[in-house]
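A.B. asks: As annotated in TrEMBL:
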- 11-134: domain 'CobE/GbiG C-terminal' (DOMAIN)
């Protein structure tokens, strides 16, 4: 659990097309963090949906950044659906989840902290991926 005075837990949630390279994910992450005056040193972990658990780009990114990555089932992510800023029917048709980036970020931040979490950066997307950042309060 996070305690007052401790650094907040911040988790990047990612969704991506099959075959999306780590470089494309990192490019999206860098832009989004920079726009909010954050750096990778402010981030605790990465997260996505379990259907992406063998995605080479995601795994390479986690290794490159030396960051843990958590994967969640569509059922585990469904509890966060009411809190999504955007619901994608296309994402749901492919994964069973309306918002992979936002819901996985919140799920991992919640798992790591055991505390309430919020979306610090709502869903952003590139041509190959989606990004969101969740944080403890």
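Placement of Cβ uses the backbone N, Cα and C atoms for every residue, glycine included.
Note that TrEMBL annotation is computational and uncurated.
Tell me what's around each of these sites.
C.D. replies: Mean model confidence of the domain 'CobE/GbiG C-terminal' (11-134) amounts to 97 (pLDDT, 0 to 100 scale).
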A.B. asks: For the domain 'CobE/GbiG C-terminal' (11-134), give the DSSP counts of helix residues, strand residues and coil residues.
C.D. replies: 59 helix, 30 strand, 35 coil
